[in-house]
Amino acid sequence: MNRRKDEGSPSGGDMADARSGDGRGTDGRGLDDGEAGDRVLLRGVRPYGEGEPVDLLVAGGRIAEIGTDLSTDADEILHADGAIALPGFVDLHTHLREPGREDAETVETGSVAAALGGYTAVFAMANTDPVADNAVIVEHVWRRGREVGLVDVHPVGAVTVGLKGSELAELGTMARSAAGVRLFSDDGRCVDDPLLMRRALEYTRVFGGVVAQHAEEPRLTVQAQAHEGAQAARLGLTGWPAPAEESIVARDCMLAGHTAGTLHVCHVSTSGTAEFLRWWRSRDSTAAVSAEVTPHHLLLTDELLGNYDPVHKVNPPLRTDADVRALREALADGTVDCVATDHAPHAEQDKDCEWSAARPGMLGLQTALGVVMHTMVEPGLLDWRGVARVMSERPARIAGLADQGRPVAEGEPANLVLVDPGSRWTVRGADLASVSANTPFEGMELPGRIRATMLRGRITAHEGKVERAEMER
Ligand code: DOR
C-alpha cells in the first residue's frame, strides 16, 4: 500500500476517509509503510484522555513532537477526531497454538487479532505441540512473529521438559537464543513440584528471567470441571476449589522470597488469592512477585454454566460474584498488576462437544479493552492512566521490555493505540480474526472501538483492518 504526502488538513470526518493515502499528496514519493524515515501525523488525539486534542508527529519510529496544529510535513496524516492515545497494549499471556494446532490459531492470525485489539506485544505461551521447551521452537515462533510483523511476538519458554513437571527445560539456552526468552511458564499445567519450582526461580534469577506460574495444585483438581461451590453442586460437575490456586500462590511467593527469584502469577481467579497477594506485598514491598487477571474473570461468573455451554469452560474456572468484585478491587489498587488475556483459541471440535470433553479456554485479544472499559473504567475503578498502567506499562516492565509501555511523550517509541471511548460494537465470534470463534462475549455490546494501532511508528491496524508492511505490496 503506497502512502502519499498529505496536502491539506481536512477538518474531522471519519478517520478512514481522511487518511492521506486517499488524499493523493503533492510529491508522490509513495513511501512504504513503516520505513524508518516515514513521518506520520496523528491529528487530534488525547493522550490518556486528558486535556484538549493535540497532534502527535511520529518520525523514525518515535514520537518526535507533540503540539497543536503541527505542520503537515508528513508522509501520512491520520485524523483521530479526539481518540484517546495510550501506549500499545502488552499481553503477557496469549496462546497462539503454533506449532501444532494451526487449526485453532497461528502466529499470523493471532497477530492480526492482537493488532486489532490494540496490542503491540504479546507473549506466546509454550503449550504448543511440540512444546516450546527448547531454542529451536522458541526461535521458530519468534521468527514467524517477525515475518508477520504486526505485533512483537515474544515466545514464552516452558519451565519443564514437555510440560511434564519432572525435569527443568533448557532455560538458559532459550534465554540466550535469538528469541531472547525472558518469561518461562508451563501454563495449562502447574509446576507443582516445589523443588523444581525452587530451582526454576533460582536459575532464571541468574539471567533476569521470570517464572509465570499456572497456580493449580493438581491433587485438588482431579477431574475438576467448574468452580467448587453451589453452582457446580447443582449441575453435578466436579469442583475446582479455590485453595488449589491459593495454596500454590502462597507457596510460590515464599519460594520467590527465599530464592530472590522473580515470580509472576498467571490468571488470578479467587478473592483469597487477591487477599493473600495484598498481604504478601504489604509485608515486603520489594517482593519480586507480580500477578495478572484475565478480562473474563473480571466479568463472568459460574452462573453462566447453567446451560452447559463449553464456551464458558476455562481454567481456572469462572468463579463467583464475590470473586469478581475482589479481582476488580485488586486490579484497581495495584495488588494485581495487570490484565492478561489468556487468549485461548480452540477448534470447533474441541469446544462444540459435551462439557466434560471440551477444552478449557476462551478468546480474548480483541475483546480485552472493551471488557476492561466495561468492568473497570465505566464503574470508575480505573481512569485512562490506569488502563495504560494495567494493559501496557506494568506488563512491559514485568517482562523487561524496554521499548513498550512507555509514556505517550516526545522522544518515546511510537508504540501506540488510539481508542474511541464513545463508540460501541457488538462481539461476533465469526467476525473475529482468530481461526477459532470461542468467545464467551458473543452478542455482547462492548465499549471502546480500537481506531488504530501503531508499532514503532507504523500503523498496523486501522478501523478494524490490519495493515501489513510486506504482504500488500
Ligand atoms: O483455559 C485455559 N486454557 N487455561 C489454561 O491454563 C490453558 C489454556 C489453553 O491452553 O487452552
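Along the chain as shown, the residues are counted starting at 1.
Cβ from N, Cα, C; glycine included.
TrEMBL annotations:
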type     : residues                                                    : note
COMPBIAS : 16-36                                                       : compositional bias 'Basic and acidic residues'
DOMAIN   : 83-270                                                      : domain 'Dihydroorotase catalytic'
BINDING  : His93, His95, Asp187, Asp342                                : Zn(2+) 1 binding site
BINDING  : His95, Leu96, Arg97, Asn127, Asn315, His346, Pro360, Gly361 : substrate binding site
ACT_SITE : Asp342                                                      : active site
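Recorded features from TrEMBL, shown on the structure.
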{"residue": "His93", "record": "Zn(2+) 1 binding site", "DSSP (3 states)": "strand"}
{"residue": "Asn127", "record": "substrate binding site", "DSSP (3 states)": "coil"}
{"residue": "Asn315", "record": "substrate binding site", "DSSP (3 states)": "coil"}
{"residue": "Asp342", "record": "Zn(2+) 1 binding site", "DSSP (3 states)": "coil"}
{"residue": "Pro360", "record": "substrate binding site", "DSSP (3 states)": "coil"}
How big is the gap, in Å, between the Cα of Asn127 (substrate binding site) and that of His95 (Zn(2+) 1 binding site), rounded to a whole number? 8
Would you pick out, from the binding-site residues Asp187, Asp342, the residue whose Cβ has the largest number of other Cβ atoms within 10 Å? Asp342
Tally every other Cβ atom lying within 10 Å of the Cβ atom of Pro360 (substrate binding site). 20
Under a three-state reading of DSSP, tell me whether Asp187 (Zn(2+) 1 binding site) is helix, strand or coil. coil
Rounded to an integer, what is the Cα-Cα distance in Å between Pro360 (substrate binding site) and Asp342 (Zn(2+) 1 binding site)? 11
Pop the mean pLDDT for the domain 'Dihydroorotase catalytic' (83-270) in here, whole number is fine. 98
What is the set of residues, excluding His93, His95, Asp187, Asp342, whose C-beta falls within 8 angstroms of the centroid of the C-beta atoms at the Zn(2+) 1 site? Thr94, Met125, Gly188, Cys266, His267, Ala340, Thr341, His343, Ala344, Gly361
Cα-to-Cα gap, Asn315 (substrate binding site) vs Asp342 (Zn(2+) 1 binding site), nearest whole Å: 10
For Asp342 (Zn(2+) 1 binding site), identify the closest of the binding-site residues Leu96, Arg97, Gly361, judging by Cα separation. Gly361
Work out how many Å separate His95 (Zn(2+) 1 binding site) and Gly361 (substrate binding site) at their Cα atoms, rounded off. 10
Under 6 Å from ligand 1 by Cβ, which binding-site residues from Leu96, Asn127, Asp187, Pro360, Gly361? Asn127, Asp187, Pro360, Gly361
Across the binding-site residues (His93, Asn315), the Cβ with the fewest other Cβ atoms inside 10 Å is that of Asn315
Distance in Å spanning the most remote Cα pair of His95, Leu96, Arg97, Asn127, Asn315, His346, Pro360, Gly361, given for substrate: 17
Residues with Cβ closer than 8 Å to the Cβ of Arg97 (substrate binding site), same chain and 6+ apart in sequence? Ala104, Glu105, Thr106, Gly110, Thr128, Pro345
